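> Next up is a structure, given as structure tokens.
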Amino acid sequence: MFTREHRADTMHGLLFIILFSLAAFYIASLPAVMKLSISPLIVGIVLGMIYANTLYKKLPSSWQPGVKFCTKQILRTGIVLYGFRLTLTDVYAVGMPAVIVDAIIVSGTLLLGVLLGRILRMDRQTALMTATGSSICGAAAVLGAEGVVKCDSYKTAIAVSTVVIFGTIAMFLYPLLYRSGVLSSMSDTAVAIYTGATLHEVAHVAGAGNALDPNDLTGMAATATITKMIRVMMLAPVLVIMAFILSVKKSANANNSEKTKTRITIPYFAFGFVLIIILNTILSSLYGAESVKELPLNSQIEYIDNFLLTMAMTALGVESSFDKFKKAGSKPFILALLLFIWLSVGGYFITDYVVTICGN
């Protein structure tokens, strides 16, 4: 990819994605867009898809390695650096109720997504990617799973699209339910855990948390965000388990198991993600920081990480045409809708029960 004869063309493709990502950052910084809590990652994939369906044929084929580099190496680097947003102390801050609810929601959503995918007769990759996005942390989870599932880029883009649609709906819906009294049977802590455990994107949780408690006077916004970040921590073990299961299934489906050796695809970047969380925890302890935001260079690393993930999303968008979406049909969106209902309704009862049992 970066061999001497292809280096220039690869760099052209890389610079092309960088320019689009810069535009995504600018658009995401506009006041109207910021009010909607739309992250640069989402803007990036939208810009990429607009290009893919208008001017894609004018993209030199020699630039493709640069675009692919963004969907692979840049993506995995971004997932690893995502760990700088978390510490193990965050888990302790909200206690066991949030951990238990998150574990049930993540595992339940993944299993339900796979089951519903079979009922809808969807291809396994699209169903798994859609379920992963709904269960853990939206676009970042989809991007992480892409390296394990090894699906086509357009399937990743479809999964991200479902996250954007239903996550945004939930971001506006939850505060309305809270203010209208529908969630009155739950304590403020329970509502915050419910929000963090069931909304798709970190940005969606931040937006909803701010609407629930604008000045964080009751701690709802902070609790919702920390609950969400615990969910994000579950990305690494989920990817490892997913890689193992997919490898076993691939081996079982081989025509001649004695002659065919199936290598387990180990998502090493997931281990890097965990190591960074541990490092961040140690640094927080050494510096006596109450928040990761107080650590030296943390905000700069987060900015760089957001840009790398935006590059990956933009590159995925560039490889996603509407023709491929038509090929997938409406089933991924039906699946995402069913999972959205499960998260909002099932998540409510699960959170209420767990928090009540734990006495919070």
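We number each residue from 1, going along the chain as drawn.
Positions of Cβ are set from backbone N, Cα and C atoms, glycine also.
As annotated in TrEMBL:
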- 12-30: transmembrane segment (TRANSMEM)
- 36-53: transmembrane segment (TRANSMEM)
- 99-120: transmembrane segment (TRANSMEM)
- 127-145: transmembrane segment (TRANSMEM)
- 157-177: transmembrane segment (TRANSMEM)
- 229-248: transmembrane segment (TRANSMEM)
- 268-289: transmembrane segment (TRANSMEM)
- 332-350: transmembrane segment (TRANSMEM)
> Can the transmembrane segment (332-350) be said to touch the transmembrane segment (157-177) if we require at least 3 CB pairs below 8 Å and skip pairs under 6 apart in sequence?
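Answer yes: the transmembrane segment (332-350) meets the transmembrane segment (157-177) with 3 or more Cβ pairs below 8 Å.
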> Per the definition of 3+ C-beta pairs under 8 A with sequence separation of 6 or more, do the transmembrane segment (36-53) and the transmembrane segment (157-177) touch?
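Yes; at least 3 Cβ pairs under 8 Å.
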> Find the member of 12-30, 99-120, 229-248 that has more C-beta pairs under 8 Å to the transmembrane segment (127-145) than any other listed stretch.
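The stretch with the most contacts is 99-120.
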> Within this structure, do the transmembrane segment (229-248) and the transmembrane segment (99-120) have 3 or more Cβ pairs under 8 angstroms, counting pairs 6 or more apart in sequence?
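Contact confirmed: at least 3 Cβ pairs fall under 8 Å.
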